[in-house]
Amino acid sequence: MFKKNDWTLLIEEDRNYKIVAKVGSGLLQTIRGYIDTDTLIGVPYGTVVTSTLGAKFRAIPATIFDIIEHRFRIKAQAIYPKDAIYIVKATAIGPGSRVVEAGTGSGFLTAVLAWYVRPWGIVYSFEKRFDHIRVAIKNIKSVGLDLYVDLQLRDVVKSGFGSMKVDAVILDMGDPWNVIEKAVEVLKSGGTLAVFSTTIEHMSKTVEMLKTYNFYNISIEEVLLRRWKSVVGELRPETFDVVHTGWIITARKA
Ligand SMILES: C[S@@+](CC[C@H](N)C(=O)[O-])C[C@H]1O[C@@H](n2cnc3c(N)ncnc32)[C@H](O)[C@@H]1O
């Protein structure tokens, strides 16, 4: 049953048109007319609501990825959901985890991490570009995850991360090998460092540096996702898809 302030994904099945809304936030404008989100308070998941133009939308609870994909403005290249969720798995992030992340970009990965560290954890996220962090702050706030995120404008290669101790450090930035030494300072012993690498050269420099700083259990993984058409009579892979994103390197601090 929906409560006020829950996030809902509204799906117009005939057209595969989807929109994310906050339950109880009044009238929502869509390209298919207005939907009164107040009527969703107290109704079961899967209820069908009708817009002012007569379009029928099924309301289901939104996932964190639905929320981000529909509500965020993306400025820097954002991580893909398949990689973001694998990083959560590989770093064993959960409620109460303390995490350092660089760079923030538009905050896509930040929001996913924040979602999973709730309600007691924290994500310290660092970004060197003002135009990027400005977008990230707005994005994170717009979905109500700012309580779990400490966003800081800082070049971590020059200034490091600070003096906190964290369970995991996650790097999605141009030259992560230049901050491995600084990551060692904030990571707890046995904690996990995860680096998202998009090229082989990038990966090679990172692994070399991890070995220099005695990280162990180094692993390199690539998440391959193949989308299929879900149309009866046409069940086959999609013709076009994303063929490369990057590798996820993980290692434990000695
Ligand atoms: C690929 S984007 C990160 C995207 C982000 N993970 C997301 O999912 O939205 C890389 C970001 O790292 C930032 N960056 C690069 N070098 C940095 C540094 N030395 N310190 C802080 N941020 C840095 C860039 O400005 C850029 O915004």
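In case you wondered, yes, glycine gets a Cβ from its N, Cα and C as well.
Heads up, TrEMBL stuff is auto-annotated, nobody curated it.
Annotation source TrEMBL lists S-adenosyl-L-methionine binding site at Ser106, Gly107, Phe108, Leu109, Glu127, His132, Asp155, Asp172.
Neighbours of Asp172 (S-adenosyl-L-methionine binding site), defined as other CB atoms within 10 A of its CB across all chains, total 27.
According to DSSP, Asp172 (S-adenosyl-L-methionine binding site) is assigned to coil rather than to any helix or strand.
In this structure, of the binding-site residues Gly107, Glu127, His132, Asp155, the smallest number of CB atoms within 10 A of the CB marks Asp155.
Look at Gly107 (S-adenosyl-L-methionine binding site): DSSP puts it in coil.
Counting Cβ atoms from all protein chains shown, Phe108 (S-adenosyl-L-methionine binding site) has 24 others lying within 10 Å of its own Cβ.
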